[in-house]
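These notes concern the structure reproduced below.
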Amino acid sequence: MPKLAGVIIAKTIEEAVKKIKLHEADLYELRVDYLESMENIELLLPHSNKLIVTVRKVEEGGAKRIEEQERLKLFEKFAKIKPAYFDVELYSNIVEDVINLSSKIGSKVILSYHNFSKTPSYQTLQSILDSMIELEPDIIKIVTYARDFRDNIEVIKLYENSENLIAFCMGEKGKISRIFSALYSPFTYVSIDNSVAPGQFTVGEMRKILELLGETK
């Protein structure tokens, strides 16, 4: 069955660990921008090989505004547990710093782009993808908002010429692209309790869909 990454929204590290233990997934994206306390990071060590550390900037869906240098300090703080992945935005002043940090500690890089208002044209998306490829990340993530069902096609077409790509549309009209992404991406994102992004499936919903499609272990 395709891999699923459960999105962890928590106020404390203890709460995050509890959610990881309660909900079975292949990977877990820890949204550091939602944390109110950074104490006891070491509690995540037993799960670090399944952890995606994300400090999302507010312009791309982050929970709160965090200055770029402060975001970099948070990435450096979580580098102590050597997570499987760091997720950093293409359009970020610290993108190269995070890529270098990941290289030093042996973590992989997810280079991401999010547009919460629309889906740009295929040509624009391809240009963004080309810029991301130049930075040689391990995985590229492109997420847009579907205003129309046809927006799914613009995003899905990106798979024609790219490997290690995660691309889908948010919103009710973008759900079909999430299913496509689950089938053709290294992994796809699901919620484990409350949905973080519009149109996001839960772990149970996505597993059921994949079973119906014959994608079983």
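Quick reminder: no glycine exception, Cβ is built from N, Cα and C everywhere.
Sequence annotations record features per position, and here Swiss-Prot assigns 3-dehydroquinate binding site to GLU29, LEU30, ARG31, ARG56, ARG178, GLN200 based on sequence analysis. DSSP assigns ARG56 (3-dehydroquinate binding site) to coil in the three-state reduction, placing it in neither a helix nor a strand.
Listed in sequence order, GLU60, GLY61, GLU89, VAL143, THR144 are the same-chain residues six or more apart from HIS114 (active site, proton donor/acceptor) with CB atoms under 8 A from its CB. Classification of HIS114 (active site, proton donor/acceptor) by DSSP places it within a strand. Residues or ranges marked as active site, proton donor/acceptor in Swiss-Prot (evidence: sequence analysis): HIS114.
Here Swiss-Prot flags LYS141 as active site, schiff-base intermediate with substrate. DSSP assigns LYS141 (active site, schiff-base intermediate with substrate) to a strand segment in the three-state reduction. Its Cβ placed at the centre, LYS141 (active site, schiff-base intermediate with substrate) has 23 other Cβ atoms within 10 Å.
Within 10 Å of the C-beta of GLU29 (3-dehydroquinate binding site) we count 25 further C-beta atoms, all protein chains included. It is ARG178 that, of the binding-site residues ARG31, ARG178, has its Cβ surrounded by the most other Cβ atoms within 10 Å. For LEU30 (3-dehydroquinate binding site), the Cβ neighbour count at a 10 Å cut-off comes to 27, with all displayed protein chains included. Under DSSP, GLN200 (3-dehydroquinate binding site) is assigned to coil, being neither helix nor strand in the three-state scheme. DSSP assigns LEU30 (3-dehydroquinate binding site) to a strand.
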